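Here is the structure we will look at, set down as structure tokens.
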Number of protein chains: 2
Amino acid sequence: MSTPQSLPSDSVGYVEPASVHFDEALSLESGHTLSGYTLAYETYGTLNADRSNAVLVCHALSGDHHAAGYREGERKPGWWEACIGPGKPLDTNRFFVVCSNNIGGCHGSTGPTSINPTTGEAYGADFPMVTVRDWVKTQARLADHLGIETWAAVAGGSLGGMQALQWAIDLPERLAHAIVIAAAPRLSAQNIAFNEVARQAIRSDPAFHEGRYAAAGDQPATGLMLARMLGHITYLSEAAMGAKFGRERRGEPNDYGFHYDVEFEVESYLRHQGQSFVDRFDANTYLLMTKALDYFDPAAATGGDLATALAGAKARFMVTSFTSDWRFPPSASREIVRALLDTNKPVSYAEIRADHGHDAFLMPVPRYRSVFTTYMQRVAAEVGA
Amino acid sequence: MSTPQSLPSDSVGYVEPASVHFDEALSLESGHTLSGYTLAYETYGTLNADRSNAVLVCHALSGDHHAAGYREGERKPGWWEACIGPGKPLDTNRFFVVCSNNIGGCHGSTGPTSINPTTGEAYGADFPMVTVRDWVKTQARLADHLGIETWAAVAGGSLGGMQALQWAIDLPERLAHAIVIAAAPRLSAQNIAFNEVARQAIRSDPAFHEGRYAAAGDQPATGLMLARMLGHITYLSEAAMGAKFGRERRGEPNDYGFHYDVEFEVESYLRHQGQSFVDRFDANTYLLMTKALDYFDPAAATGGDLATALAGAKARFMVTSFTSDWRFPPSASREIVRALLDTNKPVSYAEIRADHGHDAFLMPVPRYRSVFTTYMQRVAAEVGA
């Protein structure tokens, strides 16, 4: 086992996942019902005596509940290590941070790879579609379970930010702040188009078996790899990709290979990203998550008027975007901000200059950390953390 | 047969393809040799007595020699109908316009679907890689065959514009003007990344059979469809896609289907584009064309200095880009313009405001047509056409 010899001092250190099973049935937006479900989660920091310092972190498309710290035997920390830990924006010396794996996921919460109690076999393609609203419901039950009446903040980037927004709409009394980072009030046609190509790549893979690949002892590895390669292009800005790889090639600088093996460094990167994803992610989950993204549109219920949709929200908002993010660009965040202002909600907005593209929300970008830290210090002071 | 009852008066009307076989061997940049090859081509307008009014049009990734007018029994005109015809920028009342299918293509010129004379079977995966420089060579032989010593202009958009640029570098005496539209001096890492995902989609399709699908009586239809769907996203701007499809859905406006069939209009569009492409295009050709794009980098031979690469050019240049083109953005065209200015070449540059994205070069955008027409009228006057 190769564990890091010493962990960074601003890390929460070694972490263990927890899980809780809920027996109460859950009605989903799709009309289906789950008779019960499990949520896997992690927590960092300590819940204070009056239970006022809890922050819910929501994960994005391919994330899970391992948001910070190190698992025994793993070298890579959680996905939001840049923002969770002692002295970081979500300061674990002050906050009790909770992150759960969304249902439909594949890392411990009930999802397509879980056993369907009515059949005794894995759900696979039979797992119902889930939406951002469904996730908010399940996370509220987790809050109940943990004895948290009101979150000091609900925070997330990308699809995680959409969950924070939905929390503010659906359960306005149960959060004081919504931290919405690199998100959008709804997907654009281009966003949906990329998701559709990814889904087609998975679903047209002969190893997909209409989603029953596990039962067939198979896996749509090729389709999932293609989906992830494509996703990665949209997570990075053109500039970041150019700076990272340019036209760098393997082999002699002035000699083209005239073959289809890896030649340019960016090809190598994408293939590696695609292949390693296949080892850790489930294709049915990927399909579900992309549909949850496509369907997210809280303004649809109010005739497309986001301000009206947000009118009942009581949270204060921090909205953040990154200049080079072309997946959910600043204009999408500004639309959220505008709707909040139109309905007289308190909102802080920061448009961070960063070259990393959409992935910037995962990175230790100094200005981003500084803005986020300042905001959360105010939240901590409010709740006496 | 359903032919249009009456053709638009500014169309070249019904056209018939021609073809010519060259027996002389062709050495390719890859080191391979073709013992001979056929070029399919079309011509529009009339070659004048002193053979001075000929314009070569070069096609892009998925184009062919059918650039204008109508084929008997087809409703759709050639791919550059917006710019070729009586009174259009490439005015067929004045110019003799020639367009050939590139070798490696799949519409009549020698390519993977042609019979390999040494085996008596289709080349398939054995067809050697071809480059932009190789295409220029073959087009020069077509010029010889047609008795054209000097083109009044060589013109193209996207990969076609790259051929125009390469013509100016490789055969400076044989063209008076190079018309380089929506092109780039080389692909970015992001461009290469998209091409790589497209190639992986094709090559990982079990029906690909290592490129010998025709011999196996098969076709990597799924992979080719995915490649085309992905391509289409990059041809349109986000704004154009949003304007065209938005989040429009089939069925009830407030009801999600919670299934994976077509729901959003953009999904329907992409699937249709992908499927119809499979009927008319060869997967091995698609692979070859994307590699030709990736390899294109005329400045590589001069240590990355494009101005030095262009120093020997004698053509005058028209360079055009479109504001919403994110595949080959204006910044890429400006790089070409800067290099031309640095080596004291005459160049006209127009950055056209257009919302269509990369596809704008195929569209009848008024300002684009006006700039292009004005430039070509000057060319026509010079050659007495």
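Every residue, even glycine, has its Cβ placed from backbone N, Cα and C.
Over in TrEMBL, the protein carries these features:
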DOMAIN    A:53-362  domain 'AB hydrolase-1'
ACT_SITE  A:SER158  active site, nucleophile
BINDING   A:ARG228, A:ASP359  substrate binding site
ACT_SITE  A:ASP325  active site
SITE      A:ARG327  site 'Important for acyl-CoA specificity'
ACT_SITE  A:HIS358  active site
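Annotated features, which come from TrEMBL, shown on the structure.
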residue  : record                   : contacts (Cβ under 8 Å, 6+ apart)
A:SER158 : active site, nucleophile : A:ALA60, A:LEU61, A:ILE181, A:ALA182, A:ALA183, A:ARG327, A:PHE328, A:HIS358, A:PHE361
A:ARG228 : substrate binding site   : A:SER62, A:GLN273, A:GLY274, A:PHE277, A:VAL278, A:PHE281
A:ASP325 : active site              : A:ALA182, A:SER237, A:GLY357, A:HIS358, A:ALA360
A:ASP359 : substrate binding site   : A:TYR235, A:LEU236, A:ALA240
For A:HIS358 (active site), the number of other Cβ atoms found within 10 Å of its own Cβ: 24
The domain 'AB hydrolase-1' (A:53-362) [mean pLDDT, rounded to integer]: 96
Neighbour count (Cβ, 10 Å) for A:ARG327 (site 'Important for acyl-CoA specificity'): 23
